[in-house]
Amino acid sequence: MKKKKQALKVLLSVGILSSSFAFAHTSSAAPNNVLSTEKYNKEIKSPEFISGKLSGPSSQKAQDVVFHYMNTNKDKYKLGNESAQNSFKVTEVVKDPVEQATVVRLQQVYNNIPVWGSTQLAHVAKDGTLKVVSGTVAPDLDKKEKLKGQKQVDSKKAIQAAEKDLGFKPTYEKSPSSELYVYQNASDTTYAYVVNLNFLSPEPGNYYYFVDAISGKVLDKYNTIDSVAGPKADVKQAAKPAAKPVTGTNTIGSGKGVLGDTKSLKTTLSSSTYYLQDNTRGATIYTYDAKNRTSLPGTLWADTDNTYNATRDAAAVDAHYYAGVTYDYYKNKFNRNSYDNAGRPLKSTVHYSSGYNNAFWNGSQMVYGDGDGTTFVPLSGGLDVIGHELTHALTERSSNLIYQYESGALNEAISDIFGTLVEYYDNRNPDWEIGEDIYTPGTSGDALRSMSNPAKYGDPDHYSKRYTGSSDNGGVHTNSGIINKAAYLLANGGTHYGVTVTGIGGDKLGKIYYRANTLYFTQSTTFSQARAGLVQAAADLYGSGSQEVISVGKSFDAVGVQ
């Protein structure tokens, strides 16, 4: 059973694994609510989070303030002889709605080629003072021998190498892509192609391959869609059915969900047919029927009387309703308009394949299997599952945490946290268990994971117990238990490993983690960097001397993350 549980907990899907150390500055006063901290990535001895009064006031553009700081601190960041202007590209500049600071998002480059996983965020206050730089910079690239050579492999050959390693011929959802990066692992730094293979059959996959641009060897790979034990997807694909939106009148229907509860549904009436298409929110919500095949998105769910009480309707009822709840949570709590904050439609497909024990975000929409009736019931019946998966989409459009090792475990934990908070928002039998409503219907009290007690299902609740192997993308669904426990303690309080945490409630938990995920976390955020970002987020929201700041720090003390 334990082995089975270990396999199944990777259901809810979409880095640098290292330890860190930090010390606080006392020499110069930081701006209001900015903590003076300097935290280094211990493995590569490069800063991963620095905050305080990092520069004086300035009338320059925010990005010029950042570049001036990086040039002044070239030795600290080990940039060699290159200027900051040649070492980084500005990818986004946004206003922080809380602090009214300007947030500059950077991508490290070398010879104008992006460095995989090396992104940074800098916060420049209204008076032009630089107050935060978050994100590890890959150091000493000018000293890496392989970066002095020429690539011998082209993009096409890199894709072929990835396809050969995959070992089977998939049916692609989109054409394979390949982009050249500077890539680092524990032993080497080289040019590599990052190849993306996205497909649904013979089983869903969204693989990232790293192919050495000099030797053509596969250096690493990971899949952001995880399969679980049970029947595989039906490989007999039908031609893609029409899935066009309809025009018509907004109406209200009703239906019974997977657990038998009745829900009100926002639908569209067009030509005497009702559709599960909700036009009333900032993002249109569509629910489709795969009809037990594997083509996406399927056909827009249609009904003759706007009453969805048939057994087959249940999965669609919950997918449609819970997508709306998740949208409302993020809109009402954070004024976020869909996962991309630009009104992107929310698409869900139910009845995917036959007896399929999985749910996943494929990069553009949600997909739900029906389960086999023993391990799972239809997976759209779990509100925390839907909140979890749509939060992966949000993370992809903000911090874009790499789905490996500590950054991947943080990615998973954020989805667990907000899946739970969405459940509390809707007040539909909320708890701190993940997947309890749809997992093992014949076993009461069972779940995929527990945030209150990760060890209940074999997950670590302290950094000293973390998984250090390479399975499950470096333990993304296992080590998430460490962050989950910290989040649970932050919301509810408690004593863990002799450390007492004062709880601040779920609402403040959500505000702090949302702010950190959107404005402080970078692609390769470690647990230690996450702690620093969350503490600073709490200081921004509640003040540097607040109980919230103290509790965030204590919650990480309790799980052994410094």
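Any Cβ shown, glycine's included, is placed from N, Cα and C.
The model shown is predicted, which means the values in this text are computed figures rather than measured ones.
Feature annotation from Swiss-Prot assigns signal peptide to 1-24. Annotated Ca(2+) 1 binding site per Swiss-Prot: ASP303, ASP305, in sequence order, evidence recorded as similarity to another entry. The Ca(2+) 2 binding site annotation in Swiss-Prot covers ASP384, GLU423, ASP431, GLU433, GLU436. According to Swiss-Prot, the Zn(2+) binding site annotation covers HIS388, HIS392, GLU412, on the basis of similarity to another entry. Here Swiss-Prot flags GLU389 as active site. Feature annotation from Swiss-Prot assigns Ca(2+) 3 binding site to GLU423, ASN429, ASP431, GLU436. The annotation Ca(2+) 4 binding site is assigned in Swiss-Prot to TYR439, THR440, ASP446. Look at Swiss-Prot and you will find HIS477 tagged as active site, proton donor, backed by similarity to another entry.
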For the recorded Ca(2+) 4 site formed by TYR439, THR440, ASP446, name the remaining residues of the chain with Cβ within 8 Å of the site's Cβ center, in chain order.
THR375, GLY435, GLU436, PRO441, THR443, ALA447, LEU448
Could you say whether, by DSSP, ASP384 (Ca(2+) 2 binding site) belongs to a helix, a strand or a coil region?
helix
Candidates ASP305, GLU389, GLU433, GLU436, namely the recorded positions, that fall within 10 Å of ASP446 (Ca(2+) 4 binding site) by Cα distance:
GLU433, GLU436
Rounded to an integer, what is the Cα-Cα distance in Å between GLU412 (Zn(2+) binding site) and HIS477 (active site, proton donor)?
6
GLU412 (Zn(2+) binding site): secondary structure state under DSSP, collapsed to three categories:
helix
Listed recorded positions among ASP303, ASP305, HIS388, GLU389, TYR439, THR440 whose Cα sits within 10 Å of GLU433 (Ca(2+) 2 binding site):
none
Can you tell which of GLU423, GLU433 has the most other C-beta atoms within 10 Å, given these are the binding-site residues?
GLU423
Nearest to HIS388 (Zn(2+) binding site) by Cα distance: which of the binding-site residues ASP305, TYR439, THR440 is it?
TYR439
Between ASP303 (Ca(2+) 1 binding site) and GLU389 (active site), what is the CA-CA distance rounded to a whole number of Å?
27
Do you know offhand how many angstrom separate ASN429 (Ca(2+) 3 binding site) and HIS392 (Zn(2+) binding site) by C-alpha?
23
Which chain neighbours of the Ca(2+) 2 site, leaving out ASP384, GLU423, ASP431, GLU433, GLU436, have a Cβ atom within 8 Å of the mean position of the site's Cβ atoms?
GLY382, GLY419, THR420, ASN429, PRO430, TRP432, ILE434, GLY435, ASP437, ALA447
For each of the binding-site residues (GLU412, GLU436), count the other CB atoms lying within 10 A of its CB, then report the residue with the highest count.
GLU412
Using Cα positions only, nearest of the recorded positions to HIS392 (Zn(2+) binding site) (ASP305, GLU423, GLU436, THR440, HIS477):
HIS477
Suppose the Ca(2+) 3 site is GLU423, ASN429, ASP431, GLU436. Which further residues of the same chain have a Cβ inside 8 angstroms of that site's Cβ centroid?
LEU383, ASP384, THR420, ARG428, PRO430, TRP432, GLU433, ASP437
